[in-house]
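Report on the following structure.
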Amino acid sequence: MHIHVTNFQYFFADVVMAAGNSLEKQIGCVKYTLFCFNVVAWMIATSLFALTVWLRAEPGFNEWLRILEAESFYIGVYILIAISIIMMAVAFLGCLSALMENTLALLVYICAQIFSFIIALSGSGVLLNYSTMHSSLQPLLLNSLNRFVSTSETRYSSYVLNMIQENIGCCGATGPWDYLDLYQPLPSSCRDAVSGNAFFNGCVDELTWFFEDKSSWIVALALTLALLNIVCSVMSFILIQAVKKEEEEARAYRH
């Protein structure tokens, strides 16, 4: 009878050890996958920071927004600059907490990921709201350009309109009729240099497409980062549960 009990104890110990080894492999797989995802997140956050800072610091772009009184465009840029800095720090925290298998650090990391996800979506939404068609940007551009067209006989307004129309390839605020309705001749900057035909599109639409092109890559990076936030949060939760289970099995085995 004693021999049977001893054999059963050995069998039970072998089963526990096998289960422990399997769980350890699973934890290692999740841990290093999470580590790799955080490295990728750090790289994307760094790219987002570089692009947003470049967009904010570009002199020509700054001048156009200032002249057109459309600097609200920068609200979303500021939010994404802040979240890119936060996400670089959060990704570093994620790497450390995953390697250490520290449940408290992983919980803090999950909270930081959720916060970053919300702010990244908010920043992307604000930036899109000031850089796309039918957004809050277009009324600002329309007011500014209508004012310049109505005073196009002045030197400053003429300079601004010529600069925008020549570089963007547009005419007036909504089209050539903006000048014709005011009984003003079309300026040479309103015409194609090759064909001599007037540009059909107004500068409001053309400028919106220009700003949209500038911000599209930034928004794409921010949304990719937000998606990584969700993936890393889920993986962190799985890792926490696996570590807790490993600790419980270790305590049960010791007893």
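From the backbone N, Cα and C atoms, a Cβ is placed for every residue, glycine too.
Remember, TrEMBL labels are computer predictions, not curated facts.
Checking the candidates Cys170, Cys171 against TrEMBL, the cysteine paired with Cys190 through a disulfide bond is Cys171.
Of the listed disulfide-bonded residues, namely Cys170, Cys171, Cys190, Cys203, the sparsest CB environment within 10 A is found at Cys190. Of the candidate ranges 32-55, 75-99, 217-240, 75-99 has the most C-beta pairs within less than 8 angstroms of the transmembrane segment (106-130).
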